[in-house]
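The next block holds one structure in the form of structure tokens; read it before the comments.
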Amino acid sequence: MPMLNAQQFLNQFSLEAPLDESLYPIIRDICQEVKVHGDKALKMYNLTFDHTKTDHLEISHEQIKAAFDTLDEKTKQALQQSYERIKAYQESIKQMNQQLEESVECYEIYHPLESVGIYVPGGKASYPSTVLMTATLAQVAGVENIVVVTPPQPNGVSQEVLAACYITQVNQVFQVGGAQSIAALTYGTETIPKVDKIVGPGNQFVAYAKKYLFGQVGIDQIAGPTEIALIIDDTADLDAIVYDVFAQAEHDELARTYVISEDAQVLKDLESRIAKALPNVDRYDIVSKSIANQHYLIHASNFDEACHVMNTIAPEHASIQTVNPQPYIEKVKYVGALFIGHYSPEVIGDYVAGPSHVLPTNRTARFTNGLSVNDFLTRNTVIHLSKDTFDQIADSAQHIAHVEALYNHQQSILIRQS
């Protein structure tokens, strides 16, 4: 991980396409199989991909409640606190939406989506936080039917995931994962209902299925590997920064970590501490590969250059740990979420800060936003004009219609003026 100056980094900075195009035929075949054969195909794929025989795809409400009831008290309280903070934050956003009406003639009105599917990753780890960071938003929006899909496990779906489903009042939970679960939510099967929108992170198969099926169903985003970029100075706690970097790297060997500073010595000191801590880090195989191939130390010459580098990266997570972080809040524009100060580490945002941890990756923060209650609402523009207002603007409307040679448009106005 050699240190680069800002210009060197920008000259060589590029992101590979987040998806492997060779997966396209596989995804297409899986989706078609689910569309035609429904539950039978899902059970076959559970056996083929997840090595789990599932006689029943749906997990009963009794099982979901039992998972919550038998959960240890400390975990239960942690999940509950996370839920309450997420809910409060999203309710504040929804309240702002209700205050958007500016006139009685033109305004916006919001309606919840009718049904939403949430993908919760499985595999080697359990992710109750994903349930909280997605289903809570749908609940606050007022979505009528919230459906969770998650890969089957030989010992059953994680009790923590089921407990989070109970807390967020998820309607149905199905043990099916991968591209096949996205197809099931898109088309519907004998057991799994068709939904209007699918959200939640997943592997390349999940991401590609969402891309392939978009248009037939709404989606949140096409997620790439996770990433963090930090701007630090000599007041930063470098031991804490080491674990901010490791925390991101342990997600995926393709996870990207960037550290930017105007102080070259700070970067050298951090490099030494990372090298010292790395051999003993948990999840070494994943972290070490990420650090070796996707970790960057970037020396910026001044404040503006540091911000320019950050905006060019447009990371999923940005962290500012400097003596005076406030100026960065306006200058750093293109990030999924901005974490300010020593006591706002990115990891706190993964779990309990309040905003959703489902954020844009792979530079898409330059044109899109993190998941919020708004993603579970439709926004209708209402136009209800008085005769006086119509009379004031009708001539302009009919003239523009005439200029565009849309004479029936023009006549629609003229007939009301007569």
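Glycine is treated like the rest: Cβ placed from N, Cα and C.
A quick note: this is a predicted structure, and the numbers were derived from the prediction, not measured.
Of all Cβ atoms in the protein chains displayed, 29 besides its own lie within 10 Å of the Cβ of Glu316 (active site, proton acceptor). Under the heading active site, proton acceptor, Swiss-Prot lists Glu316 (among others), citing sequence analysis as support.
Here Swiss-Prot flags His317 (among others) as active site, proton acceptor. Secondary structure from DSSP puts His317 (active site, proton acceptor) in a beta strand.
In sequence order, Ile30, Cys31, Glu33, Val34, Ala41, Leu42, Tyr45, Phe49 make up the list of same-chain residues 6 or more apart from Gln180 (NAD(+) binding site) whose Cβ falls under 8 Å from its Cβ. Marked as NAD(+) binding site by Swiss-Prot: Tyr119, Gln180, Asn203.
Positions annotated as substrate binding site by Swiss-Prot: Thr226, Gln248, His251, His317, Asp350, Glu404, His409. If you take the C-beta of His251 (substrate binding site) and look for same-chain residues 6 or more apart in sequence within under 8 angstroms, you find Pro225, Thr226, Ile286.
Under DSSP, His409 (substrate binding site) is assigned to a helix (H, G or I) in the three-state scheme. The annotation Zn(2+) binding site is assigned in Swiss-Prot to Gln248, His251, Asp350, His409.
For Gln248 (substrate binding site), the same-chain residues lying six or more positions away in sequence with a CB closer than 8 A to its CB are Thr226, Glu227, Ile228, Ala255, Arg256, Thr257, Ser290, His317, Glu346.
Using the Cβ center of Tyr119, Gln180, Asn203 for NAD(+), the list of other same-chain residues with Cβ within 8 Å runs, in sequence order, Pro121, Val149, Pro151, Gly177, Gly178, Ala179, Ser181, Ile182, Gly202, Phe205, Val206, Ala209.
Cα distances from Glu316 (active site, proton acceptor) to the binding-site residues Tyr119, Asn203, Asp350, Glu404, His409 are smallest for Asp350. Here Tyr119 (NAD(+) binding site) is positioned 45 angstrom away from His409 (substrate binding site), judged by their C-alpha atoms.
Cβ neighbour count for Thr226 (substrate binding site): 27 (other Cβ atoms within 10 Å of its Cβ, all protein chains included). Taking the C-alpha positions, the distance from Tyr119 (NAD(+) binding site) to Asp350 (substrate binding site) comes to 17 Å.
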